[in-house]
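A.B. asks: Annotation source TrEMBL lists transmembrane segment at 6-33, 45-63, 69-91, 103-123, 129-150, 162-184, 190-211.
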Amino acid sequence: MALHLTWMLAFGLLGNLISCLVCLAPLPTFYQIYKKKTSEGFQSIPYVIALFSAMLWLFYAIFSEDAILLITINTFAFFMEFGYIAVYLRYATTKDKILTYKLLLLINSFGFGLICLLTLFLTKGQKRVQVLGWICMIFSLCVFVAPLFILREVIKTKSVEFMPFSLSLFLTLSAVMWFFYGYLKKDQFVAVPNILGFLFGIIQMVIYVIYRKPVKNLVVEPKLQELSHEHIVDIRKLGTAICSEINIVIPQLSDSGKVVFEDQIAKELAKQTQEITNDTNKI
């Protein structure tokens, strides 16, 4: 019995520790939002649902027996999710702000308030714990499913920018710890949703591995060496070629006093032809 309680306490403490890391995992994401001064590309739905889940588990833990570890982690999660939503609303577009306010009003205010009223006035004792347990289990599944909404964006853009690997990893480890805690405590409402939480975490990590390297458009740039061979002109050769094509014409005076333009190249060719003819005659 003592060993059983020791293992339950150990998994509960590990669950608290890893769940704290889960809550801290979105910090780099919200640092980007703060740095860029915009929430473009990010959705508030996962954080609204996570906040609602923390509220429900706190309410459940109050009426459940020996649930101090559930109270500690969900209190921490409540304040962290509240802070994330506050930062999101600070830098979100007007359209996203309106949507987030509607979700908070509908789910976290009206929904939670209705659950509190119904369970407090219509149920008592163990029956109340059972009803709250079922509600918490359903919304715990929503917390695990919520990041899957981002998978659509990841597959569409082939980029994992909006799905941190650390979050998926910690969710998976947290699900394992809380499953064993719920199993040893014989609390099905804690154990059952974490089975699916483990599976959803594995799916997210597989998607991350597939799309972790973004597709880059390769731009072929001409090399300087190729340009030097194909497009650079040798000025010395060009000058020699041009000069070889130029006929120099020098003006001279004839016997009658008129200016005559004599082609020096033609004169030279004629001279060479005459010399060859003389040499032939001599032979």
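Backbone N, Cα and C define each Cβ position, glycine as well.
In TrEMBL, annotation is done automatically, which means it is predicted and not curated.
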A.B. asks: Can you find at least 3 Cβ pairs under 8 Å between the transmembrane segment (45-63) and the transmembrane segment (103-123), where each pair is 6 or more residues apart in sequence?
C.D. replies: yes
A.B. asks: Looking only at residues six or more beyond either end of the transmembrane segment (6-33), which have a C-beta under 8 A from one in the stretch?
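C.D. replies: 39, 42, 47, 69, 72-73, 76-77, 80-81, 84, 87-88, 91, 162, 164, 166-167, 170-171, 173-174, 177-178, 180-181, 184-185.
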A.B. asks: Going along the chain, which residues at least six beyond the ends of the transmembrane segment (103-123) come within the CB cut-off of under 8 Å?
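C.D. replies: Those are 44-45, 48-49, 51-52, 55-56, 59, 85, 131-132, 135, in sequence order.
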A.B. asks: So if I exclude everything within five residues of the ends of the transmembrane segment (69-91), which remaining residues of that chain have a CB under 8 angstroms from its CBs? That is, six or more out.
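C.D. replies: Distant Cβ neighbours of the transmembrane segment (69-91) are 12-13, 15-16, 19-20, 23-24, 26, 30, 33-34, 36-39, 42, 44, 47-48, 50-51, 53-55, 57-58, 60-62, 97, 100-101, 104, 181, 190.
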